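The structure appears right after this line, and notes come after that.
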Amino acid sequence: MAEVIFDADERLWLLTTATTSYALRLDDSDVPKHVYWGPALTIGQVASIKVPVLSKISSVDGITDEELLVEGGSRFDAPSLQVKFSDGTRAFEWKYVDHTVDDGHLAIRFTDRHYPLEVVLHYRIGAGTDVIERWTTLRHTGADDPITLLRTDSASWFLPYRSGYQVTHTIGGWASEFRTQETPVPYGETVFTSRRGTSSHQANPFLFVHAGDEVWSGALAWSGSWRITLRHTANGQTSFTGGFGHEGLSWRLNPGEEWETPVFAGLYSADGLEAASRRWHAYVRNHVLPHADETRPVVYNSWEATEFDVNVTNQKNLAARAAELGCELFVMDDGWFGGRTHDAAGLGDWTVNLSRFPGGLNPLIAEVHRLGMRFGLWVEPEMVNPDSELYRRHPDWVMHMPNRTRTTMRNQLVLNFARTDVAEWAHKWLDQLVGQHEIDFLKWDMNRSFSEAGWPAGADQDRLWLDHVRHVYAIIDRLRADHPGLRIEACSGGGGRIDLGMLARTDQAWISDNTDALQRIDIQRGYSLIYPARTMSAWVTDSPNPFTGRAVPLAFRFHVAMAGVLGIGGNLLNWSSSDLAEARELLSQYKEIRHVVQHGVQYQLSAGPVTGVQYVLGKEVVVLLWRPTVNFGLPQLPVRLKALDPAARYSTGSAEYDGAVLLHHGFEPALPAGDYASAMLHFTEVTPS
Ligand code: GLA
């Protein structure tokens, strides 16, 4: 029941989500103080909670539990809002103006006591979820000098006093994303951040702070640089504040201008980390993704097979093999345009390479469609190789600074999409590409971080960090609106730009360039901390794996990739006929179970050397199990399933089990002997006769 109640006498707001409560109140000086975030309470109950919570906190400790901790006065923790006025005065002094409630959206308006700055705290609660979306808007209500913005976080999230808080988050790098870390919350301020212009491979903008089974988690809906500061004060208070941008940037807010931060969503749950993940999955499916009800097709992607050597013949040959296997979407990757025959040239020249595709793209597209598959194409609109016609024509279109080297990464520079002319150019060629061809799908890549992120002619250069992202969003939104059948995969050298902001406007994500099935288990698990399987694109590629040199049987590779949106990314022209036959069989098995994987509820499994994942949808249960290595003498433990009806019976077609036995004792999966053993089981709940 999503509801916002205001108690005027107490100056107290209570937000009631599906099963939790969140409360804040104004103190005598109009400062919005955090009151409560946890299991459901009534308005009377939250009214009895006194702020500050600990009476022993002395006045010299200063203000802490403020809904958006501002700089100034007796505040000494990392601020969420830092502003400077033209006379040098810093800080914000709260004066309450009014509030509105509209369909679960509470907006509380404040103004500074002296300066022309309005701050609105936004809270939005949606049906059927405990996730609270928060963001902040600022408005310069004066007519004179600009106001300098030094930090404008979306929200501060305060946790109750508990001992033993742990924080779970992910770290990584290119081809090694989403490595899960769990550590005690240290005293002081811990900063999770990206200064790269993307949400980044190195850290993903979410965190879980937990004590026992209680979990307070937060995720940013932003695809550029970001910062989340986890604060743990000596008096035991724990909170996190987050938003876009990173330290050192500043922006000018001009008279009359409004400033909107992205959403920083928060979730309280009381049933452990894994259940918190399931709540985030449901939120992403029900409130974030554009077409969550769609079942994603099986993709074939040609990147690992042909890399930059694409041509009409090899792509048609691959397409024929992919169609025979049962793939439903054929995606031609990099190398189809301009002089892009290797990674040092041609990026930015988005015209078809006619020596590789003499009749343009249409003959290939027609063939792919004739084979019964949809057609998709790789693009990397935000980038340019210095060796390209585009760069020779428009060297000023890239991010750059006078007297500074234009640092290349992967031989490319970043186009400055904050410039409206550059963004319009990109929209135009993308719109024409999609409009003039029957393109069903784009893989939108972004392969490097920002550097020399300057714009000599720009009025407010640090805006580039935000406006680049906003314009990427606007282009994708416009393309989707004008081409409603178009579907988009988010990619950034793998998982370098996956976040709630990107998932709000894409259909799936390429989570890592690392396709080694063994490493992928951990990458997928880290991804699953917050993002659902429905968005997790996963390919079966060649063995030995090109990254690790590891040889892994085909079935194991399939069973790992079947835990998400299955795709094939190997060179099918080199696969043996027995591999092709096995792949065809496994792919058709995936089609039987994928609705459960993509739309079901996910549970993590673990039994000795075996780990796995389970999905439940209605009466169907899909279990994928992986045993990378076997050690003689170590017992094979029974695999215990989760969330079944103990009173029901479950059948795999060949065997039948009691729900209670599967839950409490488990079953022994028939795994093949040797390393890299794996299995997929599909149980259906059966009515006992
Ligand atoms: C990135 C992507 C890959 C592939 C290449 C093409 O690395 O993550 O999947 O598209 O670019 O250059």
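A Cβ is built for glycine as well, from the same backbone N, Cα and C atoms used for every other residue.
Unlike curated entries, TrEMBL annotations are predicted automatically.
Together with TRP174, ASP333, ASP334, LYS443, TRP444, ASP445, MET446, ASN447, CYS491, ASP513, TrEMBL lists one candidate of ARG151, ARG410, ARG419 for binding substrate, that being ARG410. Taken in sequence order, the recorded positions TRP174, ASP334, ASP445, ASP513 that lie near ligand 1, meaning a CB under 6 Å from one of its atoms, are ASP334, ASP445, ASP513. Within the same chain, residues at least 6 positions away in sequence whose Cβ sits under 8 Å from that of ASP513 (active site, proton donor) are TRP174, ALA175, GLY493, GLY494, PHE547. The C-beta environment of ASP334 (substrate binding site), restricted to residues of the same chain at least 6 apart in sequence and closer than 8 Å, consists of TRP303, GLU307, PHE308, VAL310, ARG340, ASP343, TRP378, GLU380, ASP445. Over the domain 'Glycosyl hydrolase family 36 C-terminal' (618-683), the average per-residue pLDDT in this prediction is 96. Look at LYS443 (substrate binding site): DSSP puts it in a strand. Take the CB of LYS443 (substrate binding site) and look out to 10 A: across all protein chains shown you find 24 other CB atoms.
The DSSP breakdown of the domain 'Glycosyl hydrolase family 36 C-terminal' (618-683) into helical (H, G, I), extended (E, B) and coil residues amounts to 6 helix, 23 strand, 37 coil.
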